[in-house]
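Taken verbatim from TrEMBL:
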TRANSMEM  16-36  transmembrane segment
TRANSMEM  75-97  transmembrane segment
TRANSMEM  118-145  transmembrane segment
TRANSMEM  186-205  transmembrane segment
TRANSMEM  214-234  transmembrane segment
TRANSMEM  246-271  transmembrane segment
Amino acid sequence: MKNYIKLFNFELGRFLKFYLILIAITIVSQITGVIVSSRSYLSDANEFIYVNQGSMESFLEQYGQMSMHNITRTLWFLGPIALCVVTLLIYIFFIWYRDWFGKNTFIYRLLMLPTARMNVYLAKASTIFLMVLGLISLQLVLIPIEGTILQSMVPVDFRLDMSIQEVIGSFDYFGILVPYSFTQFIIHYGIGFMAVFIVFTAILFERSFRLKGIVLGIVYIAISVVIFISPLLVDAFLVPNYFYAIELFVMEIVVGLLVIAGSIWMSNYLLNRKIRI
């Protein structure tokens, strides 16, 4: 455990600067978006009411009330989220290939450390998972702050206040990234965590067998996906609507855990038997 913690801290430190940059971009962009969007809305209201001599009721009927619902659909808000998602997706591959193709093939130094090689694997996976949870936590903190800024800029008659749950629930794609229930959190991030393990194993296939490993990695991913959705396939084609929703949910959890366990076992085998120093 001590060696694992050291490796985890090491992996986290290697990406920390870029991670802090992502956090800074998210904070600055989203808060700027609230300010810019609020000013734009108030400018439209002033022009409609004072320049065009329209009534407040007519303006609200035409433009609606300002809320976080409007903010979450702007590039200011969605842009940094997309940037973080793409960066972490790339880093899933980069966290391994950097060590192989970087200066002095650093991976061999890592694998020669006096510790189980799986600690290297688990430290990298934990780093990805912690960074994802960190960005999600940041977003949950930012939403109330952005709501407060909106309230301070837009008069109460022109705005619609929303809770965190309402903000998340008002935008389907945002609800995927920030689940508004524990069950959805288990589903979304359980699948995501499983996908990380599967991709890590596919990368190790490629590193172990080179060109042949690319094919093996793709096949492994395909088999893992089929195994994971097998309860849904059985319920859809073999015995249609035979299982209750809760039964399918439990089966998916069990199968997902089996896929994760299989990925860890296969990765351990590849690290110890196929990758040579």
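Any Cβ shown, glycine's included, is placed from N, Cα and C.
With a cut-off of 8 Å between Cβ atoms, the residues of this chain six or more beyond the transmembrane segment (186-205) that come close are 92-93, 96-97, 121, 124-125, 128-129, 132-133, 176-177, 179, 213-214, 216-218, 220-221, 224, 228, 253, 256, 259-260, 263-264, 266-267, 270-271, 274-275.
246-271 is the stretch from 16-36, 75-97, 118-145, 246-271 with the greatest number of Cβ pairs below 8 Å to the transmembrane segment (214-234). With a threshold of 8 Å between CB atoms, the same-chain residues lying at least 6 positions outside the transmembrane segment (118-145) that come near it are 3-4, 7-8, 10-12, 15, 19, 22-23, 26-27, 30-31, 68, 81, 84, 88, 91-92, 95-96, 110-111, 164, 167-168, 177-178, 189, 192-193, 196-197, 200, 264, 267-268, 271.
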